[in-house]
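Student: As annotated by Swiss-Prot, N-linked glycosylation site applies to 147, 157, 162, 172. What Swiss-Prot records for 543 is phosphothreonine, and it gives similarity to another entry as the kind of evidence. Annotated region 'Disordered' per Swiss-Prot: 66-100, in sequence order. Look at Swiss-Prot and you will find 469-472 tagged as motif 'Important for interaction with G proteins'. As annotated by Swiss-Prot, signal peptide applies to 1-26. Taken from Swiss-Prot, the feature topological domain 'Extracellular' covers 27-184, 236-277, 338-356, 424-435. Here Swiss-Prot flags 209-215, 302-315, 378-404, 459-585 as topological domain 'Cytoplasmic'. Taken from Swiss-Prot, the feature transmembrane segment covers 185-208, 216-235, 278-301, 316-337, 357-377, 405-423, 436-458.
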């Protein structure tokens, strides 16, 4: 079995869930603030009061026969209708018996809209879904006495209601809080580590001119998109969580929820939500640009492999516009639609189908990048089979293919597709916890992995750092010896007994000499320096040594110094393609 047979199987295994789950959510980050919770409560109150007005205006005989407001007794087996959330008795039960006497009138208790209550029965209503932290599988209960009045709490002038099933998440939240605290710690540490490592990587690639080429420019854009994504997440969290949010709401009791709901709806000022809306907008934009620069990396590598003639400088501008400009278009469309049709809160909650304006382009980039990844892995497997034809060691082929695949996975964001087919479920579910831990871990540390693989582990980067370190240590050693006035000075590990005063301006002072390049041979008692000529001339003739970059398995393999120079059309793609093969082989 050849190594090339792995690619079709891998494509069949992974493409099916990707293509069949384009409806899945991407980086759902709904944050419920206290102000938004109050808004939802008041909206539910307005809807309830409208319905109450319609019902109370009907004649008494219509009210008593209206099953839409009738509630079932606890003695019968209830049947819940999901559309309306009301309970009806099973067929065969005497529905007329529960209307004997005066029914309890429907009302709004600042939490729930209660229907007509049958005298002497307990009314059960599903916990409202507009209370974010309620247990939406539970029920709230009220009792209607035989006089047609809602039962009061003994010794208190208020209506009795049992919300214990609804508030169980509020009173028994230790496990859930531990999960959220752990997830918050994971992504905070991950994005912090990624931000620090990516900052160093960008500074390295920008500082060394020999590393300036199209490939590294694209890497720098990708690194910058990861950095801006991390910063935008920190800013968004600081803005949204600066006031009273769910941390406070989770500790609220039923009475405190009532007090919040009874408060008048605060006036919505145009400037009250500007800060959080700007933070959410920039977060969504930088999130989208990060996905699209990952796609740009895939398109660039795919173009080098499959395009015979590829102008890097020309396509660099196109990639730049694609990576930064295209996300700005659909994010601007989303902002316009949200401001026009759903201008409520901080825009952090998904407003129906409007979320697809941003999520569909992101999902498309993930699917397209995964297809490019599968195609490149297929070509790698084919090349491995051709180069190792006639050899019996298939395990080495598999190891090379696995290594190449693992190197490409962070660059192509392959981990995004693992849970694409899995919808978000209950917080207490095991699958949800596994999914969130996986996503928080890999999404936050992806920038760190990319910086390690494509910068710090790159041979050319390491060579440039070693050269710079050698220059700095050599210059420092000369300065130290010059200040001390010693009769000896060192070139790296070797010591010359020539007086410092005999070192002229042409003796190579401060040249980028690497200690490992200095041979131990001596001439006339002096060490033989690189490019040193025998003294037919009175002064040493030295030239800066050229340090060859070691062969590297990283994506940055090969010197950038010759990549952007003019070359003939047939020669240029072959050189680039060979470098990319050495990247992943």
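If you go along the chain as it appears here, the first residue is 1 and each next one adds 1.
For all residues, glycine too, the Cβ spot is worked out from N, Cα and C.
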Student: Tell me, what is the mean pLDDT of the topological domain 'Extracellular' (236-277)?
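Tutor: Across the residues of the topological domain 'Extracellular' (236-277) the model's pLDDT averages 58 on the 0 to 100 scale.
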Student: With a cut-off of 8 Å between Cβ atoms, can you find at least three pairs linking the transmembrane segment (436-458) to the transmembrane segment (278-301)? Only pairs 6 or more residues apart in sequence count.
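Tutor: Counting Cβ pairs under 8 Å, fewer than 3, so no.
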Student: Give the distance between the Cα atoms of residue 157 (N-linked glycosylation site) and residue 147 (N-linked glycosylation site), rounded to the nearest whole Å.
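Tutor: Cα-Cα, rounded: 17 Å.
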Student: Rounded to a whole angstrom, what is the C-alpha distance between residue 162 (N-linked glycosylation site) and residue 147 (N-linked glycosylation site)?
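Tutor: So the Cα of residue 147 (N-linked glycosylation site) lies 20 Å away from that of residue 162 (N-linked glycosylation site).
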Student: Mind checking which residues reach the transmembrane segment (185-208)? Cβ under 8 Å, same chain, six or more beyond either end.
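Tutor: Contacts with the transmembrane segment (185-208): 216, 219-220, 223-224, 226-227, 229-231, 233-234, 437, 440-441, 443-448, 450-452, 454-456, 461, 464-465, 468.
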Student: Among the glycosylation sites 147, 157, which residue has its Cβ surrounded by the fewest other Cβ atoms within 10 Å?
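Tutor: Fewest other Cβ atoms within 10 Å, among the glycosylation sites 147, 157, is found for 157.
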Student: Specify the count of other C-beta atoms within 10 Å of the C-beta of residue 162 (N-linked glycosylation site).
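Tutor: By my count, 14.
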Student: Decide whether the stretches the transmembrane segment (357-377) and the transmembrane segment (278-301) have at least 3 CB pairs under 8 angstroms, with pairs required to be 6 or more apart in sequence.
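Tutor: Yes, the transmembrane segment (357-377) contacts the transmembrane segment (278-301).
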Student: Same-chain Cβ contacts of the transmembrane segment (216-235) under 8 Å, 6 or more residues past its ends?
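Tutor: For the transmembrane segment (216-235), the far contacts come to 187, 191-192, 194-195, 198-199, 201-202, 205-206, 279, 282-283, 285-287, 289-290, 292-294, 296-297, 300, 316, 319-320, 323-324, 444, 446-447, 450-451, 454-455, 555-556, 560.
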Student: Write out how many residues of the motif 'Important for interaction with G proteins' (469-472) are helix, how many strand and how many coil, based on DSSP.
Tutor: 4 helix, 0 strand, 0 coil
